[in-house]
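Scroll down for the structure; my scribbles are underneath it.
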Amino acid sequence: MVFGNEMCDETPHPGECKTLLIKHKPIRSTTQFLQVSVERTLDGAVKAKSDTYFLEPQFGSKQAWEECMDLYEQTIHRLNESVLCPKNVCSRSDVQAWLSTALTNLDTCQEEMSELGVSSHSLESITIDVINTLAINKRMEQNGKEFGISKITMKTLSIGEKVDVVVAQDGSGDYKTIQEAVNGAGERLKGSPRYVIHVKQGVYEEYVNVGIKSNNIMITGDGIGKTIITGDKSKGRGFSTYKSATFVAEGDGFVGRDITIRNTAGPENHQAVALRSNSDMSVFYRCSIEGYQDTLYVHSGRQFFRECDIYGTVDFIFGNAAAVLQNCRIFARNPPNGVNTITAQSRFNPNQTTGIVIHNSVVKGAPGVQLGGVKTYLGRPWRSYARTVVIGTYLDTLIEPNGWIDWDNVTALSTLYYGEYQNSGPGSGTENRVDWAGFHVISDIQEAREFTLPKFIDSASWLPPTKVPFTINL
């Protein structure tokens, strides 16, 4: 057990690490140490979910309780993937991404519980275990110890391939609603062929959920402004931010293209999500995502947005995914309080491989919107290790000279990472930017390359088969 003790001493919570491993046979290698840590963490997640099941009366909100139960299920799913990694020949970066997601799930649940005054020792315990396991895997990743190269292949639509089902409101397709088509696909394993749902032109007033067991689903429409999915759930109408989304993608390998997703609750109803994605290795291509506060919830996983339009006001690109927005147009609308914040990234552990990268895009006011008197910022830190980088992007006059704004969190100003690299436009000047320790005007090209697709979301292993165009360099 001496070897395990030494490894535990290098984790953020050594005492809990040693307690976790104390009943295990002697640890003889770093690989075995990681495997034991992940397995014990998985056991803890199963127990925490069971404990939370019996906490329903304390929640006082069935919606919040169901949200936590769902997040525990997703956490168990990600930890299972990590446990099976050696058998499936995946990479350390895969494991780090899945552990980052598990920790994000727990944080989302914790936030709901804190608002309701509910406490859970098992939630606190499993959070510490995931934090420790993240640190262990990060150390091994830095030392170059790999399980192998990912062999998961995402089979996808290319020109001329057959669409599986068609959705049409007039009855000319296989289904009249999108959710019926998703349900008709059934459970689909990772690595299964892409299941393609074509949604014909129309306004679909429904809430769509592509669940965690629905992997490799593609939903393709007839174009932005033609195939429209719309809803109006919001915080102001009694829904949590997490549950307010018009469209939810949870199954891995999701692809959405040529569709519009809207939340029409309006700025007076506060948080109102149009799209929430928890889908690892997900892609959105030529989509319009429209709302006001909290429009695009990049909750967790590795995500890529290409040639998308995103509309909003306050924190309208937010969450803790590893998300890259490339060749996108980001439109600020009129906010209710005179302040727009484009991003609110919520990385809260330095070992999480998460952040928001805006690359080769355009940030400007929405068409027809007058932003006189409105202050617009590139972002604010939702959590202490928030990470947002803007690269090669056109920033219009709406961006305030100081660029970024605080969230009443003085500590975060030194631990966050906000970066700008070779942007253009009247709002791109950095001479009057914030003087925080965590803000960087990036001058080193090697530092900037850390936020390219291959480095930041491990794109080489999964993005090319989607047939979506992308740029791998700066």
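Any Cβ shown, glycine's included, is placed from N, Cα and C.
As annotated by Swiss-Prot, region 'Pectinesterase inhibitor 38' applies to 1-130. Mapped onto DSSP classes, the region 'Pectinesterase inhibitor 38' (1-130) shows 104 helix, 0 strand, 26 coil.
The N-linked glycosylation site annotation in Swiss-Prot covers Asn80 (among others), and the record cites sequence analysis as its basis. Sequence-distant contacts (6 or more apart, same chain, Cβ under 8 Å) of Asn80 (N-linked glycosylation site) comprise Leu42.
What Swiss-Prot lists as region 'Pectinesterase 38' is 164-461.
Non-local neighbourhood of Thr241 (substrate binding site): Lys235, Gln271, Val273, Asp294, Tyr297, each in the same chain, at least six residues away, with C-beta under 8 Å from its C-beta. Positions annotated as substrate binding site by Swiss-Prot, on the basis of similarity to another entry: Thr241, Gln271, Arg380, Trp382.
Look at Gln293 (site 'Transition state stabilizer'): DSSP puts it in coil. Around the Cβ of Gln293 (site 'Transition state stabilizer'), 29 further Cβ atoms fall within 10 Å across all displayed protein chains. According to Swiss-Prot, the feature site 'Transition state stabilizer' maps to Gln293, an assignment based on similarity to another entry.
For Asp294, the entry in Swiss-Prot reads active site, proton donor, with the evidence type sequence analysis.
Annotation comment: Swiss-Prot describes Cys308-Cys328 as disulfide bond, evidence class similarity to another entry. The C-beta environment of Cys328 (disulfide bond), restricted to residues of the same chain at least 6 apart in sequence and closer than 8 Å, consists of Phe305, Arg306, Glu307, Cys308, Asp309, Ile310, Ile358, Ser361, Val362.
Taking the Cβ of Asp315 (active site, nucleophile) as centre and 10 Å as the limit, one finds 25 other Cβ atoms among all the protein chains shown. Annotation source Swiss-Prot lists active site, nucleophile at Asp315, citing sequence analysis.
Positions annotated as N-linked glycosylation site by Swiss-Prot, on the basis of sequence analysis: Asn351 (among others). Neighbour list (Asn351 (N-linked glycosylation site), Cβ cut-off 8 Å, at least 6 residues apart, same chain): Gln96, Ser100, Ile131, Leu134, Ala135, Lys138. Asn351 (N-linked glycosylation site) carries neither a helix nor a strand DSSP state and counts as coil.
In the three-state DSSP assignment, the secondary structure recorded for Asn409 (N-linked glycosylation site) is coil. The feature N-linked glycosylation site is assigned by Swiss-Prot to Asn409 (among others).
Compared over the recorded positions Gln271, Asn409, the count of CB atoms lying within 10 A of a residue's CB peaks at Gln271. Proximity of Trp382 (substrate binding site) to non-local residues of its own chain (separation of 6 or more, Cβ distance below 8 Å) is seen for Asp315, Phe318, Ala344, Gln345, Ser346, Trp407, given in sequence order. Asn409 (N-linked glycosylation site) and Arg380 (substrate binding site) have their C-alpha atoms 10 Å apart, to the nearest angstrom.
Separating the Cα atoms of Arg380 (substrate binding site) and Gln293 (site 'Transition state stabilizer') is a whole-number distance of 14 Å. Neighbouring residues of the recorded substrate site, listed in sequence order and excluding Thr241, Gln271, Arg380, Trp382, comprise Gln293, Asp294, Val314, Asp315, Phe318, Ala344, Ser346 (Cβ within 8 Å of the Cβ centroid). In the three-state DSSP assignment, the secondary structure recorded for Cys308 (disulfide bond) is coil.
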